[in-house]
Structure formats: structure tokens, C-alpha cells
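Pulled from TrEMBL, these are the features on record:
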type: COMPBIAS; residues: A:8-25; note: compositional bias 'Low complexity'
type: COMPBIAS; residues: A:47-56; note: compositional bias 'Pro residues'
type: COMPBIAS; residues: A:57-72; note: compositional bias 'Low complexity'
type: COMPBIAS; residues: A:75-92; note: compositional bias 'Pro residues'
type: COMPBIAS; residues: A:130-149; note: compositional bias 'Pro residues'
type: DOMAIN; residues: A:359-397; note: domain 'Zinc finger Sec23/Sec24-type'
type: DOMAIN; residues: A:434-670; note: domain 'Sec23/Sec24 trunk'
type: DOMAIN; residues: A:676-760; note: domain 'Sec23/Sec24 beta-sandwich'
type: DOMAIN; residues: A:771-874; note: domain 'Sec23/Sec24 helical'
type: DOMAIN; residues: A:901-962; note: domain 'Gelsolin-like'
type: REGION; residues: A:1-153; note: region 'Disordered'
type: REGION; residues: A:200-219; note: region 'Disordered'
Amino acid sequence: MGTENPGRPSFPARTAATPFAAAPPQNVMPFSSSGPLVGSEASGFRPTPPAAPQPTVPFSSSGPLAGSQSSGFRLPPPPRYNDPSVPPPASNVPPTGGPFQRFPTPPFPSTVQAPTSRVPPVGQPIAQTPAPPVSFRPQPQIPPVPMGAPPQSVNSAPPNVNVPYSVSDSSFPAPMTNFQSSFPGYARMQSNADLQPPPMQSPFPSHQGGYAPAPPTSSTPFLSHQGGYVPPPPVAAPLGLQSRDQMQYPGSGAPGSIQGLIEDFSSLSIGSVPGSIDPGVDPKALPRPLEGDVEPKLFSEMYPMNCNPRFLRLTTSGIPNSQSLASRWHLPLGAVVCPLAEAPDGEEVPVVNFVSTGIIRCRRCRTYVNPYVTFTDAGRKWRCNICSLLNDVPGDYFAHLDATGKRIDLDQRPELTKGSVEFVAPTEYMMRPPMPPVYFFLIDVSVSAVRSGMIEVVAQTIRSCLDELPGYPRTQIGFATFDSAIHFYNMKSSLTQPQMMVVSDLDDIFVPLPDDLLVNLSESRSVVETFLDSLPSMFQDNVNVESAFGPALKAAFMVMSQLGGKLLIFQNTLPSLGVGRLKLRGDDLRVYGTDKEHMLRIPEDQFYKQMAAELTKYQIAVNVYAFSDKYTDIASLGTLAKYTGGQVCYYPGFQSAIHGEKLRHELARDLTRETAWESVMRIRCGKGVRFTSYHGNFMLRSTDLMALPAVDCDKAYAMQLTLEETLLTTQTVYFQVALLYTASCGERRIRVHTAAAPVVADLGEMYRQADVGAVVSVFSRLAIEKTLSSKLEDARNSVQLRIVKSLKEYRNLYAVQHRLGGRIIFPESLKFLPLYGLALCRSTPLRGGYADAPLDERCSAGYTMMTLPVKKLLKLLYPSLIRLDEYFLKASAQVDDFKILEKRLPLAAENLDSRGLYLYDDGFRFNIWFGRALSPDVAMNLLGADFAAELSKVTLSERENEMSRKLMRILKKSRESDPSYYHLCHLVRQGEQPREGFLLLSNLVEDQMGGANGYVDWILQIHRQVQQNP
Amino acid sequence: MVKLTLIARVTDGLPLAEGLDDSRDLKDAEFYKQQVKALFKNLSRGQNEASRMSIETGPYIFHYIIEGRVCYLTMCDRAYPKKLAFQYLEDLKNEFERVNGAQIETAARPYAFIKFDTFIQKTKKLYQDTRTQRNIAKLNDELYEVHQIMTRNVQEVLGVGEKLDQVSEMSSRLTSESRIYADKARDLNRQALIRKWAPVAIVFGVVFLLFWVKTKIW
């Protein structure tokens, strides 16, 4: 045993050395460092480089355990079992020296070879033979636990199936098979074990070390291998299996019993020879997300103190422990954050006010105190979970520890028990006093706006929302309108009626009044109401066709720059005067398919980007409402929203009669939802990992500080991680999202979400813990960003390529061992990934070419999808399709009224029965499809007398019969379940072209349509590519 | 003309309310706000300042009143009548005490009464123009006496704190130095003692040794 040590040091030494060599605490910038909003607290903070206890002994041949423990930054030594495959080239190149001769080849060089030498399912006694029994002799003696033979064998078998005894009494062959499949690491390791004489035992402890603390006393490596599950109850096999789960996730329940193991991956039989045309796929058997989005359960069960997944979702909860592992995970590695997600009643985020002590944060990395910090030294110190620095506990915050090391006041400290809390920010977190909520409306009054009826709807909606604007009594409000000139309105409270001031000098914009353009709503209420009442009629006869949008925007900026706030732009005519005028450029068919194609999707004029930067600086968020029936260059206008944390709402060809309700609802929601103002957001994470790219609507103020002038519950942000160090030495990575904002009531607060995720050492585990919703969210943001720099085709191909790569990698893990030649296999957790990938390629921003979606719609959908939270995005990608007529004809059973909403159908035309009535719901609209052979009764009941008329002219309204009431109830219920957007209802009859085509058929993502693949073809195509050798 | 308005608790310098968009056409508003904060800090250290005071700073002048452990401060042009400024502060004080009087002591977060800014805003507008009938009447009103209110310079005021700091620092340095001096003196004393008596002791020692040797041998 002694002789193996010289061979090992290169690994532990590396693990110990790298963190110190390159360990800049990545979240060096404290929250406050860069915003005008945040205070001087930054100055107090100086990143002290971590002291490296043994930086000078990296390659010395001291004992491996000592070497890896030297870090002092983590509690147990977490060596990695797959070091050999991972370490930087240096350790992989075998020098001729003695120590390395034990690794004749880099031990786990490729996953492909490994399984070959690996012994397939237990129960085949032949498996024993290749193992040199000597090498494993020590093992049976070592497990010190008094347990019966069978469980022992089950537990310890996987790593060494070849050892005779493990098979001899394997009374539970089936679970073991699954066990192995779930644990590819073992497979590869084992092949290695075959090659290696005793020294290779050392990888075993390191493997286990990744999950469970190795007992410090263990001198023999194998003991530490057992360490993870030393205390399993010596009962029957299933329990033994559960204990396996525990050993992976200390503290978790026992989520995966046999069931979980069996489901570890799914396979799809593809009967045909790959490459042949005959589709051997059973379309019915393909996986479909008919239950909608499922939040990953396992993750929150493992770490019960994590914040709810509605706030933070990781693309995989298993963080790879090495860069090489991360590079084999071809999917995005990152997180989707929705900091203000609406919490159901009873789960509100608790508010904590540290009056006397100030907010408790780590001195070095500025992490906020959270449930994962540990208190030591009888409660006088606390250890930061992110950078492991020992901090002093302020006197007023001190509490004694009980016998288990927990603070005795734990039940009164939500910040130490809950993953999400809000801290009341003290003065240091404000550069200026909290500003009131400000709403400034910039309304286009050119002739097309007047004709569309937009102004009327907007004025009515604003008026009806005046009572519900947040922040009473401080709320400020202001208006300006523009056509070829800019009109300001003096709404001083002493006036009885607003005064209009016209500025027609567009070259040199000035604000005609110093104040009173932005007034306190509660004081000037009557003037504001008078204004809104008269606004529609004021411009009734306007025939001006110009739009001085750019100058108007500048003027609005000047009015708002003191206070910041929200700027709502209602825009109808392509900007034609002054700065920021735009050209008609969207209807050029020939550009598509060329290298210049993407230029259409990025802003034409730098003015908009510069303006957006200025607006963000002054804490102004822009929401763009566009209404034109012609081209309005959403690509340029949307930039304003993109960089100021706003949103784009596009109502193509707005007609108040049709879209009025939708605008009313969405504007009202925009005005009345709880909004966080003047905010900045930062996400911190543990040593060795770093967030490097961010995707969504915001402005990056420093490398990792997102400036968000306004945030609300409907906005989500995606970000991607990279590993900074070759090897992660910790067992857990912690993430902390902190959003510093001003609430509408004038309180400055910090909302903190904390989550922990285990570090895993093998790829199979990463797949097992993947969260398809988050993966798809990040994916779609990346794809949309890609459309801004390259062709649509390329963006689609990149989506497909990444899916193929990841499935190929997964296949390499498992395919050979399970002889799945003709089958496509994918992890259970990602079974919907191919379908969502397909749906993404066919979504509005990415689909087809010139003819498939108007440019403006494409851009606005792109801007919208960049902000959507996971749930809504998945709904949009794979909408629900529900058959209604059967339900109508059934006798009314009030109880299961809404059960029907859960019975979703696959999105394929073959599921549309011409005798049926279907509801298609993508979260933004309803399409109700009337089959050609639908019984006239139903149609008559729902539509009244004009049921036979052209459906585009018919609107749905409640009628005096049970059926119609039922339908309305269902629609209402659907709308209520998802209030962030209004579902506009379209009626369409089978065969009614072209409406049926663009409303419904093109959205049935499983069907072949134009040049796009259907689901079956897509799967086959992916499968073929997966099978191709690289 | 009123430029800035701030209300803070004297006991700990916690800001309670502030007039908004005051600094619209004020270039270095930040600088003056810092001064105000320093001033509040000074006050919270319990230096017994007059309850009414004017402090000159650059082209402006701070006026403040302290009442009920709350400090109401405003910054005006130098030309702005002192009388009006103090009237303005009195108005603020009356309203603030009426509305928030009970909660002042328990306020835990900064700007807890930020809603008061609407009143500040309104009142400020009344005092904006010195030549309105109302303000002229106020100016002529002899009831409110402002003559005895002290006017000092901001450097002086902020300097007081600094000087006090210096004094306390110096005195603490003095204590520690004198302690060192005492130690050193004791040490030297002992050394002197040794130097004085050591030769004598050695001589005696030698003599006794000789005696002892002598008695032992013979």
C-alpha cells in the first residue's frame, strides 16, 4: 500500500494547489460597488487573497490525503475519483518515472473504451473472471460495519463487480443493474480497476469523497470508500439502494428508490436501420411534455433550505467538478433567475430588519448571511459558505450554539432557515433617498394611431388604473404626445384643466416647464383625469403622418432624469423626423439567406442603443408598445426595452375592436403589478465557478452587476457558468442571487435567494440532475442572440448540434454496455429536450425564412422570449391542445370542471378530429378550432346565429346556454392561471385557409410544415447524427 | 430659494425624510449632501449645539432647527431671507410632528417617513418666491425673532468635531505615553540601584567566599 503513494500525489497536489494558484474570489465586487444607488459600503471591502497554506508543495510526494487537506478551505478532503481523466496535461503525460508506471495509459481516457472492458449486468457470473482477485482482497475485510452479506454485496458491488463474492451472492440482480447504469462512473472506474493492481484503490476513496465526507481517520483508502455509507442499516436490498442515494446527497431523503434508478435513462426504440428512410419510430411512444413544466423535485429535496425553484433554477443541479467534465456537457451550464417571481399566498418572502447590527455579510466576498453558513467558536464566528472565510459575529447578533452546533435562536431567524429572504437596506445601500414610482407616458398621436383606436384604449386603461398604481401617495405621473411636434402637458394641481405646450423645434429639444410636467398623482388627480378623458378627442382630426419619435424620447428622458421610473411608449408610426429616424428596411426578401440577414434584426441606428444606456444610467425603464400594421422596425425600438430592463409588446395591425381587450389587460398589468425600482442584481457563487455571460433584458454595469431600472414578477434572467479552476475541490457549490431594489412603498430592500448544488464527478450524474426547463430557457436565449449575429438557419443548426452532441455524449456513456444499437437513448431528465429543441426551431423568432413570420413579429417575439420565466416559455414552445366538445356534451359535472385543462393532446394534426372542437393555448392567445364535421348544435350554441359565417369576423361572447357558459368558464380559468399576458381568442374553422394555416397548423410543432421537420423526422435526424461517428 | 431639505433623527443621524428633486439645477448637490450627512453625524455625537443655527457653506447657507430630537435642515441661497427659511422649517416641523410624531423613536429603517416628501414639496413651493404677498407679510411679521440665531461657518462646525477628535486622540496618546514613561522610569531606577550596589555586593561576596574557603581548608 505504501508504494502507491508516489503515484498519487500528482492528483491531490493538484487539487490543493490549483485553488490557490488561481483563486480570485469571483464575486469580488460587492453589491454596492458600482451603482449610483448603492452606497459607500464598497470601500470597506478589500478582497484579501486567500492564504495558501501549502502553496509550495504541489508536487511533493507527501501523503495524498494530507495534500488535499492542506487547503483548509473545506471540511473533508474531497478528492476526485476521476482525477486521472481530468487533470491538466501535465499529469496525463506519463513520465517514465516509477510512480506513473501504474498508469500505463491515462486511466480513463475516453468513455468509449471504458464500457467495453466493463462487465455488463450482474448476474452473469462470467463477469468475475477478469478481475485480478488479489487486488481486491483487502476489501472484504475492510467494511467495518456489521452488516449482513447480501446488503453488503449490493452496496459494495458496483465498484467492483468483478470481485467474486459480489456476484456470488447477488440476490438482487435487477436493482444492481440499474444501480450500475445510474452510475457510469463506476463503470469506467472499474475498467480501470481491471487494469490496475492495488494502487488503483486510491481512486475509490476519491470517488466517494466527492459525495460523502471521508472519515478523517481512515488510513486505508478503502475505508474512505466505504465511508459514504458506513452506517446503512443492514436490512434488505432496497434499503441498501436508498442508502446509496444518501451517500450521494448527504442529508437528502431517499428520493430515488428502485423506481428512480430504473428511470435513470429512457430509450426509444428505433426499429429501422439508422439511415434508412422507413421511420421505425412509433410516434405515440415519443415523449411529450403534456403535464407542462415540472420543477425538479430532487434538487429541493436534497437541500431543503434552498430557495424555491420558481426563483432560481439551474440547468443541472450537479455541478461538474472539472473543466474537462464541463466541456463534455454540451448543454448550457447555468441558471435561470426570476428574482421577484410571484409566490403563492402563505409563502411570501420574509422580511428581516437588522437594525442594530447592520446586514451581516462576509467580509471578503460580501455574501449575505444565509442558511448554509456555519457558526463556530461557540457562536462567536461564522464561516462563509461561499468563500469559507471566518467572520466575526457582531455582538448583537450573537447566540449560543446548542449541542449540534446550531444556533439556539434559529427559529427566530428566517435568514438562517429560509432560502429566500428580504433584508431592509440601511443608509449605506442608498445613494439617494428612495424615489417614488414614476410613470411617464409617451403617446404617438399621428393619424394611424388615431385611426387604430389605440389612443382611446390607452387613455381609458390608464384612467381606470389610476387608483391601483403602486406607491400611493407618492406616485408621480406625466404625459407627452408626439406627431411631427412634441406636446407637453402642464398638470399642476391648481389648474382645472391641463395646459398643452407644443415644442416643434426638433433639433434642439428643451423642456418648456421646469416642473409640473411630472406631477404627484394624488394631488393632481382631477387634472390627470380631465386630460385622459379629453385625450382621444383632442387628436381626433389629426392628419399628421409624421413621427418625431427620437426627439420625443429625448424630451421624455429630460423630464424623467431626476427621478427615474418607468417610461411607457405607445408607438404607431415608423420614426420619421429628427434623431433616430428609421428607414423601411424589413421587406427585403433578397436579404434572407445572405450574410447580411442578421442586420435586419439588430438596431439600425446607434441612437437607440446610446439612448438606452443613458436611460438606464438614470434609472428609467422603457416599455415599448407598438401597434403599427406596417413595418415599424421593432428591432431598433426594442433595443430601448432590452437595455433598460423593460419589455416589448407588439400588436400587429392594432384594431381597438379586436385587440383592445388584450392591450387593456396587459397595460393594466404593467401598471399595477408590483414593481421593484432602481435595482441592481448580482449572483454570487462559490470558489472555482463564475458566471460569465448573462442573457435577458438588462444592462451590465460591471462584469457581473446587472442594472435593472425596473423589475417585476414576469421577468427572468439567464446566465451561464464557467469553471475557473481545473478542478473543484469543494463538495457543494452555493449560489446567491441578491437584488437590491426600492419597493414601491419607498423602502429599500435586498432580496436574497440562496441555493446549494452538489459537485459531481461524473457525467451521468449531471444528466440525471438536469432540469430540462432551465436548459431550454437558456438555450432559447442563446439561439435568439445567435439570430442577431448570424442567419436563422445557423441559429437553428446550432440548437440541433448541441442537442446531438449532448445525446451523443450520453450515448457513449451507456450505449455499449446495454447493447442499444438501434435505440436512441436519453436521460430521463432530458427526455423532452429534443421536442423542445424542435419547438424552439419552429418558434416565431427562429422559424423558417422571410415568408414564415413578419420581421417585426419575429423581433418582438425574440424580445419577449428573452424575458420569459421558465414556465411561460415552455408553454409558449409547446402549447396545450385540448379537446372541448366531448366535455361539453358530457353531463355537467361541476367538480371536475377544470380537469379537462389537464388533458393535453400532442400537437399534431392527426389529433384534430374533424368532429371535434379544440382549444389551443400558448400562454399568449387561444385558438379555438372548429372541426368541419362538428355538430352544428355545438357551434350554434357557442356562436349564436352567425355560426356559419366567416369566423374571423365573429367574436366569442357568453350566450344563454350551458355550453357557452362552460366554454367561457374554461377560458376564464385559463386566463386567471396565467395573468401576465392576456390570451386573445381566435376562432378558426377547419379548412379555412389561410387563417387556419398561420393560426394553428403552423404551430403544431410535431407536424411537418414547409421546410421544417416533424417530430418523427426530427428524432430520426438527431438519432442518425448521434450514431454517426465523430 | 430652498435647495435641499432633509429631516433626520438627532440621536443616531438616521435620515427620516428628504425633499425630492430638490437638486434639479444644483450642480454639486452630492457634495452638499455629504456635508449635511457629516453635520448630522456631528450632531448625533451629542455635541450640544444650539437648537437653531445657520451655517454658511460656499454660496449657500444651511439653516436647521432641532426639536424633539429631530433635526430639520434646509439649504438656501445666501440671499434668501433667514426669517423665511426658519418659517419654512417651522412649518415642516409642525406638520412632521403632527403626522409622524409618535413613530419617530421607533423608526428602524432609513427614510421611514419618505412619504413626507410630498408635503415638503408643497411647502417648498409656497416659499419659493420671496415676493409673494404671503411671504412679504411673514417677513414683516415681528413675532418671529431670528436675530439671535448664530451664524457660523461650515468648516468651523465640522471642524469642531475634528478638533474634539484630535484632542481626545492626543489625550489618549498622552496617557499611553506617560504609562510607557512610568515603566521606563521604574526600569531605570532599578538599573541605577544595581549599578550603585553591585560592586559592594561583589566585594562582600568575594570576602565571604574567601572566609569560607579559609575555614574549609584550614
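Cβ atoms are placed via backbone N, Cα and C, with glycine included.
When Cβ-Cβ distances under 8 Å to the domain 'Sec23/Sec24 beta-sandwich' (A:676-760) are tallied for each of A:359-397, A:434-670, A:771-874, the top count falls to A:434-670. The domain 'Sec23/Sec24 helical' (A:771-874): residue composition by secondary structure is 73 helix, 5 strand, 26 coil, according to DSSP. Summarised as a single figure, the pLDDT of the domain 'Sec23/Sec24 beta-sandwich' (A:676-760) averages 92. Shown for the domain 'Sec23/Sec24 beta-sandwich' (A:676-760): DSSP residue counts in helix, strand and coil, namely 0 helix, 59 strand, 26 coil. Summarised by DSSP class, the composition of the domain 'Gelsolin-like' (A:901-962) is 22 helix, 11 strand, 29 coil.
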